[in-house]
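Comments concern the structure below.
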């Protein structure tokens, strides 16, 4: 039998009524426990980054899963002690899982992905969470059953949930720019630039503006500078990498010309870089590039390489809307929308100076792991 404690408040005047209010103790996490959680996340992050750097995939994946047994959505919009660790661990998780999906080790796609995502080790033993209980399965337990757009949609939705306050519906306005960039680079690595564009469009439509009089503008100091740098990095990836992959050169230029939140020097830098990339894309491919392409085609056609798996209709984060600077007209992503296999995306010439999505993505992951393995801070 349970009892409810009530408190009686004596009336101070004849017009006062008896006040009975139910009081329930609010469970609070002890400060020492919160400190231990932060300490463990900090220490194990360095271990996980080093493991990823040295291709110790099972160890890195186990540490990532252990970390997210301790990380939960924030209670409010205000930063808390775990804010930094949510961002850093989620970037590492996105990088690790996308790498596993695209470049399995030892030439064994099913076994490597199955063990790493489901069991976390090649021995087949079930890994345990920090409290000793069996770790629950995740949506990525069977990654080979997901098409690339579905995988990206799952990663995006999961990130929205971990950064959105617990009592609110998942919304991209809470997604840190650094995490968004990691997701977009993953979409390029998986050859799904349209999905990456949808993610950016949704974020631009829902984020807080950096313009005069905005909430972000009212915040001064390091926090405001971080938000501005994150916004600029997102626009850079969007205009120099995503839109060109979709042959959206003109729109990328129009976007930068009408953009009003970026530092003028940064905007001019991106406009000049975009123009240089576009000019390179109009040049005919070099004979060397043609030779390499022909060689690649002959090898893939005669080596008995497996046929790429078919893409089944699946949830996706693709948006059919177009991002407009300082606009909130872009509809929210619909994760439940069925999509057909993504079409052949126009690419510009190999002679261009555009960086391969895989190279950019892997360099980002490499820099992240190196910095943490050397105990440097990663912003």
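Cβ from N, Cα, C; glycine included.
What you see is a predicted model, and the numbers here were worked out from it, not measured in a lab.
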Q: Select from 230-282, 283-335 the stretch of residues annotated by TrEMBL as region 'Disordered'.
A: 283-335
**Q.** Stretch carrying region 'Disordered' according to TrEMBL (options 80-111, 112-143, 144-175, 176-207)
**A.** 112-143
